[in-house]
Amino acid sequence: MASILDQYEEEFTRTSTGKPAVRSTAQDIVTEIELPSPVTDRVHQIFLDPTGKHLLISLGSQENYYVSLGTSARKPKNIAKLKGHLIDSVGWNWQNANEKTTGAILLGTNKGLIFETELTQFDDSRFFQGNVDLYLKQLFNLGRERAEPVTGLQFDRMPCSDLSVYRYYILVTTPGRLYQFIGTVSTSADPPMFTPLFQQYESGAGPGIYYGNIDVTGSAGPNSVMSSSKLIPYPKDIDEQKVHPIGMALTEFHMLVLYSDRWRSSCVMISCSCFCFKTFFFFFRFGRMLGIRKDPIRGTIWAFSSQVVFFYKVCRESRDVWQMYLEKGDFEVAKKYCQDSRFNLEKVLIKQAEHLFEIGKYEESAAMYAQTQNSFEEVALKFIKLSNKEPLQTFIIEKLSSLRPQDKTQMTMLVTWIVELFLNTLGRLKEQGQDETYEYESTQEKFRKFMASMRIKECITLNRTVIYDLISSHGDIEDLVFFAHLMKDYERVINHHFHHENYRGALECLIKQPDIELYYKFSPVLMQHLPRETVDAWIRVGKQLDPKKLIPALVQYDHLRNIDQGNEAIRYLETCIQKFENRDSAIHNYLLALYAKFQPDHLMTYLQLQGEDPDEICYDVKYALRLCTECNHHRACVHVYSLMGLYEEAVDMALTVDVELAKQQANKPAEDDLELRKKLWLRIARHVVEEEKDIKRAMEFLHECDLLKIEDVLPFFPDFVTIDHFKDAIVSSLQEYNQHIESLKIEMEEATQSAEEIRREIQSFRNKYSLVKAEDKCSVCTYPLMSRAFYLFPCGHKFHMDCLIAEVLPTLPTSKKSQVESLQRKLAEMEGSPAHNRAPGGPEKAAKDMDVQTKLHDLVSSECIFCGDFMIRCIDKQFVEEEKWSIIVSEWE
């Protein structure tokens, strides 16, 4: 066995006077403590507590001293009550945290005596000083039959359910035995507190090393804290004699046994009754070895002789431990200690996989084999021979997870193999009639989780045709549909549902998928079987759908259920128009057709909501008229005739429905079109007289329409009508004529006066003039006025001709605007023609030019744009035009 101690350090200290001294090292700070003893005296043992605060020194002269390293007073104090005893071991109190006192501790002597004491450090400044040992009590004698030194002492508390007592265990070692003492101590006990615990035990003896684990959980029994213990005889010397050691130290995996001239090491992991020791000899010049100690905090090991102190450093102690755990069959621990070596880890994994296979745990064996570098073919053949293919499947899946992304070929082959294994298992269960069992459901769930995992999904996406063929060959329709969903082949899934007439399932699949084009493709069939649900799905999708592309679905009627389909189509189109604000004429025309066919009550509501502005109406007016005529919706026809400006036809159609409706249509022509309005009212009057024979109602029209006179209505009356029917109307008409004559006389007088006033103003304007200075500027562009043709108004404002036209032109009506543009083009043509430039052209040409200019002046310069009605008409005009608003806003940002 290789050495676990690779190096050591030696250290020897004496004072300048030659007296024995103790060197204390803490954090690389060296403190020397001089002992008050003769030069010839020597140190027998030194004991330092785990905290490094308390030091106990036993000298060969059987004098014992105590030093408190936790205080400034570090002068050794003699323990008077221990005079005459050589201390070989100390059991320190692990619960003590006081730097000035040790608490209750146990002392073991070279004669087998065990004492309990408590040591404390008194201040040297005090005049009367007490004893260092507060008390000293002998508790037990292990050397009654034969004096044996107490080589080791250790005690600590154990878990205890009784809160009134503490439960302790005490371990004591001698050259021949290991003793354990277990008992309780009252929480209020006076010192010495361990007296009752030792009174129940007797001493004994035994050769060898007693090795085991300290178990305080109680699993070793109520009277023991030792588990996995064994007694190992001391190794024999060269002359076949057993040699007793003088000290021992235990590391994590090894035991160090110290003799007077050598030490031996052995691994505690070897499972045999005797340790295999390896011996290392010391040189005699260092003197006889006296003891070995292990720092419980840092884990360092110290050995000392009569002359030197050795420090041992343990390096890579666990490097071969994995082999021992492997031999014991503890594979998990073995793997833990060979993680730094892939080669060693491979051995453990193979051994564990083989072991699991031998004991019949094939699933675990397959998973373990997948972690090794064994030949894939060899392992696969090993599992193929089994009747149960699940271990093979497990092995392939685990092996698949170890492949690199670039191993695409190997990955494809393994994935295909795994899919085949899953399908075989599912097929076998189906054949056995177990397709509704938990086993089948669990297998199917595993199969689907496998295919849905990200890495596998990427692989089968590139080879989906192979997987489709494979699943189809097994006739597994359910998993075929699942795979199509997984691959987002929604078209295939929907066609599958259609084939099995599962229209609801097809619609559910259509709703879950994101491809809008599939809605256009499958909606015609769905609309025939599930019109309401299909329309609900369209509405949920909202504006993403183009309603025009859904018209083929809307016109697919099943004549047995066309009413329901028509109503659902109306509901969708209404949503498109009202909620989604669709203005497509095809949609509106089709909704109009559906209204006319299925919901005539809503037809007029729709037409009225569309309004009467031709530019805002979304449907085709001519199509609407033909549709309403075919379906005999007369009121709708009247409305459409009115929109088209066919008021005569509208009135004629309205008269077939309601006279009041006809009267409404007769009032719709423009107010200035008096002739048409009168003609429409006469049609209504004639209808009332000739068709309804209602003379009284016809007379009422004279009050409702100012355009009708009694003489207009009289020709419609039949010959038998007496004057009593319209006597009041004639009287009223004569009175109106008289009033009209009187008003005409007044208007003639006012006109005569206005004419006289105008003549006077004209006479005054003949003598009126205005001066234009050279520095005058255009009121619009602010450039010199006389640079080009200009206008001068009586109010004093002056404008260039082109500037005035540019200001007035946008506010003119469309007809006048076109006239201005036409006149400008004529002037430009006349001014730019060669004939015009060469000669004046005579009086006819001049008159023509003057006529064009006069017409242009009348249109654009009839009033000053600052002082006339033009300014009032422009009061609601924005300062910044809409097309320039975004530019100005961006400039200000």
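Keep in mind that glycine also has a Cβ here, set from the backbone N, Cα and C atoms.
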Correct range for coiled coil (source TrEMBL, candidates 20-61, 104-145, 734-775): 734-775
Region 'Disordered' per TrEMBL - which of 435-457, 826-848: 826-848
Tertiary contacts of the coiled coil (734-775), as residues 6+ beyond its ends and Cβ separation under 8 Å: 784-786, 792, 794, 796, 798
DSSP helix/strand/coil residue counts for the domain 'Pep3/Vps18 RING C-terminal' (774-873): 62 helix, 8 strand, 30 coil
Rounded mean pLDDT for the residues that make up the coiled coil (734-775): 78
